[in-house]
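Database features (TrEMBL):
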type: BINDING; residues: His89, His91, Glu95, His134; note: Fe(2+) binding site
type: BINDING; residues: His89, His91, Glu95, His134; note: Ni(2+) binding site
Amino acid sequence: MALEAWFMDDSNEDQRLPHHRNPKEFVTLDYLADLGVVHWKLNPENYENDSKLSKIREERGYDYMDLLDLCPEKVSNYEEKLKNFFTEHIHKDEEIRYCLKGSGYFDVRDKDDRWIRILMKPGDLIVLPAGIYHRFTLDTSNYIKLMRLFVGEPVWTPYNRPQEEHPVRKEYIKSLTKKFGETIRAY
């Protein structure tokens, strides 16, 4: 099954709900790719011996890897951590996540500053480009097991919005302007 993504409503209800608009407005993988979001569907049951994952890691230079079980029973200060993950931010590097079990949402801003919700399920590997505004939350299952990949030593520093003067954000806006052939507001 393909990765699911959609434009979000403006509701302040529980962040773990799907937040579909009415009517629902789905987003294509091509549109996500235009924003710099890359996706692969892999076999999460065989991640330790998956040649496709090995090839992706080699081609993209992902030499660091760890696993994260995110749920109330396994994470101290769970609610606080979830709140921090859900704060809108950018990173200086790509954010690479591979869902092995459970499910959750990555929300990304599009070129018009609209939220797109991406449902991560087992087998989904996504890469968010450096400089894209994003956030993460679990869904109502309250559980996800993720593989985190990184080039070199991991730097998990979030730069909370606003970051319009940050060099990586400026570079991302420049890439969108080139891709879409129009001036993109930095919001």
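Note: Cβ is positioned from N, Cα and C throughout, glycine not excepted.
Overlay of TrEMBL annotations on the structure.
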{"residue": "His89", "record": "Fe(2+) binding site", "Cβ neighbours (10 Å)": "19"}
{"residue": "His91", "record": "Fe(2+) binding site", "Cβ neighbours (10 Å)": "18"}
{"residue": "Glu95", "record": "Fe(2+) binding site", "Cβ neighbours (10 Å)": "23"}
{"residue": "His134", "record": "Fe(2+) binding site", "Cβ neighbours (10 Å)": "22"}
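The residues near the Ni(2+) site, meaning same-chain residues not in His89, His91, Glu95, His134 whose C-beta sits within 8 angstroms of the mean position of the site's C-beta atoms, are Ile90, Leu128, Ile132, Tyr133, Arg135, Pro158, in sequence order.
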